[in-house]
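Since the structure comes first, as C-alpha coordinates, the remarks are kept for the end.
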Amino acid sequence: AYILSCGFPQRPAYGDVSVTSLHPGGEAYFYCHSGYQLQGASSLMCLNATTPFWNGKGPQSVCGGFIRNATVGRIISPGFPSNYSNNLTCHWVIEAPEGQRLHLHFEKVALAEDDDRLLIKNGNNIDSPPVYDSYEVEYLPIEGIVSGSRWFFIELTTDSTGASTGVALRYEAFSQGHCYEPFVKYGNFTTSDALYPVGTVVEFTCDPGYTLEQGSVIIECMDITDPQWNETEPACRAADATWKSDWRELLENTKDITEHVRACQEQQLTKVNK
(Lines of atoms letter the chains of each structure in order from A and count residues from 1; the text may use other names and numbers.)
(Lines give C-alpha, C1' and ligand atoms only; values in the text may rest on other atoms or scores of the structure.)
Protein backbone atom coordinates (compact mmCIF):
# COMPACT_ATOMS: atom_id res chain seq x y z
CA ALA A 1 0.00 0.00 0.00
CA TYR A 2 1.17 3.52 -0.73
CA ILE A 3 2.11 5.47 2.41
CA LEU A 4 1.60 9.21 2.34
CA SER A 5 4.43 11.35 3.64
CA CYS A 6 5.39 14.91 4.47
CA GLY A 7 7.41 16.93 2.01
CA PHE A 8 11.07 17.48 2.77
CA PRO A 9 11.33 20.53 5.09
CA GLN A 10 13.04 23.65 3.82
CA ARG A 11 16.62 24.12 4.93
CA PRO A 12 17.26 27.39 6.75
CA ALA A 13 19.63 29.80 5.04
CA TYR A 14 23.08 29.39 6.65
CA GLY A 15 21.96 26.10 8.17
CA ASP A 16 20.73 22.59 7.44
CA VAL A 17 18.16 19.99 8.43
CA SER A 18 18.28 16.26 9.15
CA VAL A 19 15.16 14.06 8.96
CA THR A 20 14.52 10.74 10.72
CA SER A 21 11.58 9.95 8.43
CA LEU A 22 9.17 11.74 6.10
CA HIS A 23 6.32 9.48 7.20
CA PRO A 24 3.96 10.37 10.09
CA GLY A 25 5.88 10.29 13.37
CA GLY A 26 9.13 11.27 11.68
CA GLU A 27 11.04 14.27 12.96
CA ALA A 28 13.12 17.03 11.37
CA TYR A 29 16.00 18.62 13.28
CA PHE A 30 17.37 22.02 12.28
CA TYR A 31 20.76 23.55 13.01
CA CYS A 32 22.82 26.56 11.96
CA HIS A 33 26.28 27.13 10.60
CA SER A 34 28.81 28.69 12.94
CA GLY A 35 28.03 32.30 13.86
CA TYR A 36 24.27 31.91 13.42
CA GLN A 37 21.42 30.96 15.75
CA LEU A 38 18.04 29.42 15.09
CA GLN A 39 14.99 31.66 15.25
CA GLY A 40 11.96 29.40 15.65
CA ALA A 41 11.47 25.72 16.44
CA SER A 42 14.59 23.54 16.42
CA SER A 43 12.57 20.44 15.50
CA LEU A 44 9.27 19.52 13.78
CA MET A 45 7.17 16.33 13.62
CA CYS A 46 5.31 14.90 10.65
CA LEU A 47 1.65 14.48 11.67
CA ASN A 48 -0.73 11.84 10.33
CA ALA A 49 -3.61 13.16 8.23
CA THR A 50 -5.28 12.68 4.86
CA THR A 51 -2.30 14.69 3.66
CA PRO A 52 0.49 14.43 6.28
CA PHE A 53 2.01 17.75 7.32
CA TRP A 54 4.71 19.15 9.59
CA ASN A 55 3.39 20.48 12.90
CA GLY A 56 4.90 23.93 12.45
CA LYS A 57 6.90 26.30 10.33
CA GLY A 58 10.60 25.70 9.82
CA PRO A 59 12.98 28.09 11.61
CA GLN A 60 15.32 30.70 10.19
CA SER A 61 19.00 31.13 10.98
CA VAL A 62 19.89 34.63 12.09
CA CYS A 63 23.24 36.28 12.71
CA GLY A 64 23.52 37.00 16.43
CA GLY A 65 21.19 36.04 19.27
CA PHE A 66 20.27 36.47 22.94
CA ILE A 67 22.27 34.39 25.42
CA ARG A 68 20.45 34.21 28.75
CA ASN A 69 21.96 33.07 32.07
CA ALA A 70 25.37 33.01 30.42
CA THR A 71 28.12 31.23 32.34
CA VAL A 72 31.02 30.45 29.98
CA GLY A 73 30.89 30.42 26.20
CA ARG A 74 32.08 31.79 22.90
CA ILE A 75 30.69 34.12 20.25
CA ILE A 76 32.03 33.82 16.71
CA SER A 77 31.26 35.67 13.52
CA PRO A 78 29.43 33.83 10.71
CA GLY A 79 31.71 31.35 8.94
CA PHE A 80 34.56 31.64 11.48
CA PRO A 81 37.40 30.68 11.12
CA SER A 82 36.75 31.19 7.40
CA ASN A 83 35.87 34.67 6.13
CA TYR A 84 32.55 36.24 7.03
CA SER A 85 30.03 37.45 4.45
CA ASN A 86 29.39 40.96 3.19
CA ASN A 87 26.49 43.18 4.27
CA LEU A 88 26.07 41.63 7.72
CA THR A 89 24.42 43.22 10.72
CA CYS A 90 24.76 40.91 13.72
CA HIS A 91 23.55 41.69 17.24
CA TRP A 92 24.28 39.58 20.31
CA VAL A 93 23.08 40.23 23.85
CA ILE A 94 24.86 38.33 26.62
CA GLU A 95 23.06 38.24 29.96
CA ALA A 96 24.78 36.95 33.10
CA PRO A 97 22.77 35.39 35.95
CA GLU A 98 21.22 37.86 38.40
CA GLY A 99 23.84 39.59 40.56
CA GLN A 100 26.78 38.64 38.32
CA ARG A 101 28.88 40.52 35.76
CA LEU A 102 30.63 39.50 32.56
CA HIS A 103 34.22 39.35 31.40
CA LEU A 104 34.92 39.33 27.65
CA HIS A 105 38.21 38.04 26.26
CA PHE A 106 39.31 38.83 22.71
CA GLU A 107 40.50 35.56 21.16
CA LYS A 108 40.51 36.94 17.62
CA VAL A 109 39.47 40.14 15.88
CA ALA A 110 40.36 40.38 12.19
CA LEU A 111 38.24 42.80 10.18
CA ALA A 112 38.65 44.13 6.66
CA GLU A 113 40.01 47.68 6.60
CA ASP A 114 36.93 49.15 4.95
CA ASP A 115 33.81 49.89 6.97
CA ASP A 116 33.60 46.57 8.84
CA ARG A 117 33.14 47.28 12.53
CA LEU A 118 32.91 45.58 15.94
CA LEU A 119 31.12 47.47 18.73
CA ILE A 120 30.76 46.25 22.31
CA LYS A 121 28.40 48.15 24.60
CA ASN A 122 27.93 48.17 28.35
CA GLY A 123 24.24 47.25 28.51
CA ASN A 124 21.54 45.25 26.77
CA ASN A 125 20.53 47.45 23.82
CA ILE A 126 21.93 49.36 20.87
CA ASP A 127 21.79 52.69 22.75
CA SER A 128 24.02 51.48 25.62
CA PRO A 129 27.39 53.25 26.01
CA PRO A 130 30.26 51.66 24.05
CA VAL A 131 33.26 50.16 25.85
CA TYR A 132 35.04 48.95 22.71
CA ASP A 133 34.95 50.25 19.14
CA SER A 134 37.20 48.73 16.47
CA TYR A 135 37.09 52.08 14.63
CA GLU A 136 38.82 53.82 17.52
CA VAL A 137 41.04 51.15 19.11
CA GLU A 138 44.24 50.16 17.33
CA TYR A 139 45.25 47.35 19.71
CA LEU A 140 43.10 44.76 21.44
CA PRO A 141 43.08 44.93 25.26
CA ILE A 142 44.95 41.79 26.33
CA GLU A 143 43.12 41.78 29.65
CA GLY A 144 39.73 41.92 27.92
CA ILE A 145 36.85 44.03 29.21
CA VAL A 146 34.49 43.76 32.18
CA SER A 147 30.82 44.76 32.11
CA GLY A 148 29.42 47.33 34.53
CA SER A 149 26.21 45.31 34.87
CA ARG A 150 25.00 41.84 33.88
CA TRP A 151 24.88 42.58 30.12
CA PHE A 152 27.01 43.12 27.05
CA PHE A 153 25.54 44.22 23.72
CA ILE A 154 27.74 43.24 20.74
CA GLU A 155 27.32 44.51 17.19
CA LEU A 156 29.20 43.35 14.09
CA THR A 157 28.58 45.11 10.79
CA THR A 158 30.24 44.48 7.44
CA ASP A 159 30.03 46.43 4.19
CA SER A 160 29.67 45.27 0.60
CA THR A 161 33.40 44.92 -0.13
CA GLY A 162 36.25 43.01 1.46
CA ALA A 163 36.13 40.31 4.12
CA SER A 164 38.34 38.72 6.75
CA THR A 165 38.37 35.99 9.40
CA GLY A 166 36.12 37.94 11.75
CA VAL A 167 35.82 37.67 15.51
CA ALA A 168 35.97 35.08 18.29
CA LEU A 169 35.06 36.36 21.75
CA ARG A 170 35.10 34.29 24.95
CA TYR A 171 32.66 35.35 27.67
CA GLU A 172 32.23 34.27 31.26
CA ALA A 173 30.10 35.37 34.19
CA PHE A 174 31.54 35.95 37.65
CA SER A 175 30.03 36.77 41.03
CA GLN A 176 30.28 40.09 42.85
CA GLY A 177 33.20 40.10 45.27
CA HIS A 178 35.23 37.78 43.05
CA CYS A 179 37.64 38.11 40.14
CA TYR A 180 36.71 36.59 36.80
CA GLU A 181 38.22 33.25 35.78
CA PRO A 182 41.50 33.90 33.93
CA PHE A 183 42.06 32.64 30.41
CA VAL A 184 45.14 32.02 28.31
CA LYS A 185 44.92 30.62 24.78
CA TYR A 186 47.37 27.77 24.08
CA GLY A 187 48.05 27.41 27.79
CA ASN A 188 46.66 26.59 31.22
CA PHE A 189 46.90 27.70 34.83
CA THR A 190 46.72 26.53 38.43
CA THR A 191 44.78 28.41 41.08
CA SER A 192 44.68 28.52 44.86
CA ASP A 193 40.87 28.88 44.81
CA ALA A 194 38.54 27.90 41.95
CA LEU A 195 35.97 30.56 43.00
CA TYR A 196 38.55 33.38 42.63
CA PRO A 197 37.82 35.43 45.75
CA VAL A 198 40.20 38.20 46.86
CA GLY A 199 43.58 36.68 47.70
CA THR A 200 43.44 34.00 45.00
CA VAL A 201 46.79 33.38 43.30
CA VAL A 202 46.98 32.02 39.74
CA GLU A 203 50.08 30.73 37.93
CA PHE A 204 50.17 30.27 34.14
CA THR A 205 51.93 27.77 31.89
CA CYS A 206 51.93 27.31 28.10
CA ASP A 207 51.26 24.25 25.99
CA PRO A 208 54.32 22.49 24.49
CA GLY A 209 55.75 24.56 21.65
CA TYR A 210 54.57 27.87 23.15
CA THR A 211 56.24 30.40 25.43
CA LEU A 212 54.82 33.00 27.82
CA GLU A 213 54.99 36.60 26.63
CA GLN A 214 53.58 39.90 27.86
CA GLY A 215 51.52 39.85 31.05
CA SER A 216 52.68 38.11 34.22
CA VAL A 217 53.28 34.44 35.05
CA ILE A 218 51.63 34.88 38.47
CA ILE A 219 48.66 37.13 39.21
CA GLU A 220 46.62 37.76 42.36
CA CYS A 221 43.00 38.83 42.91
CA MET A 222 43.09 42.04 44.96
CA ASP A 223 40.93 44.92 46.27
CA ILE A 224 37.96 43.78 48.36
CA THR A 225 35.87 46.80 47.28
CA ASP A 226 36.34 46.13 43.55
CA PRO A 227 38.10 42.76 43.04
CA GLN A 228 40.46 42.66 40.07
CA TRP A 229 43.67 40.95 39.02
CA ASN A 230 46.81 42.89 39.91
CA GLU A 231 48.46 42.04 36.58
CA THR A 232 47.40 41.27 33.02
CA GLU A 233 47.11 37.63 31.99
CA PRO A 234 50.03 36.58 29.78
CA ALA A 235 49.87 35.43 26.17
CA CYS A 236 51.29 32.15 24.87
CA ARG A 237 53.09 32.56 21.56
CA ALA A 238 54.44 29.85 19.28
CA ALA A 239 58.04 29.17 20.33
CA ASP A 240 59.31 29.42 16.74
CA ALA A 241 57.60 32.79 16.17
CA THR A 242 60.51 34.65 17.80
CA TRP A 243 63.03 32.57 15.87
CA LYS A 244 61.23 33.32 12.62
CA SER A 245 61.18 37.03 13.44
CA ASP A 246 64.91 37.03 14.29
CA TRP A 247 65.68 35.05 11.12
CA ARG A 248 63.71 37.48 8.96
CA GLU A 249 65.60 40.37 10.53
CA LEU A 250 68.91 38.60 9.92
CA LEU A 251 67.97 38.03 6.29
CA GLU A 252 67.06 41.69 5.86
CA ASN A 253 70.33 42.78 7.46
CA THR A 254 72.26 40.36 5.22
CA LYS A 255 70.46 41.77 2.20
CA ASP A 256 71.40 45.32 3.25
CA ILE A 257 75.06 44.34 3.75
CA THR A 258 75.14 42.58 0.38
CA GLU A 259 73.70 45.63 -1.34
CA HIS A 260 76.26 47.86 0.41
CA VAL A 261 79.19 45.60 -0.62
CA ARG A 262 77.91 45.50 -4.21
CA ALA A 263 77.68 49.29 -4.31
CA CYS A 264 81.23 49.66 -2.97
CA GLN A 265 82.52 47.18 -5.56
CA GLU A 266 80.81 49.10 -8.35
CA GLN A 267 82.33 52.39 -7.11
CA GLN A 268 85.80 50.79 -6.95
CA LEU A 269 85.40 49.38 -10.46
CA THR A 270 84.40 52.80 -11.78
CA LYS A 271 87.57 54.36 -10.31
CA VAL A 272 89.78 51.68 -11.88
CA ASN A 273 88.22 52.13 -15.32
CA LYS A 274 88.85 55.87 -15.13
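Residue 1 is the first one shown; counting continues down the chain.
Heads up, the Cβ atoms here are built off N, Cα and C, so glycines get one too.
The annotation domain 'Sushi' is assigned in TrEMBL to 4-65, 177-238. Marked as disulfide bond by TrEMBL: Cys63-Cys90. Annotation comment: TrEMBL describes 63-174 as domain 'CUB'.
Helix, strand and coil residue tallies for the domain 'CUB' (63-174), in that order: 0 helix, 55 strand, 57 coil [DSSP]. With respect to Cβ neighbours within 10 Å, the disulfide-bonded residues Cys63, Cys90 differ, and Cys63 shows the lowest count.
Across the residues of the domain 'Sushi' (177-238), the predicted structure has a mean pLDDT of 93. DSSP labels the residues of the domain 'Sushi' (177-238) in these numbers: 0 helix, 28 strand, 34 coil.
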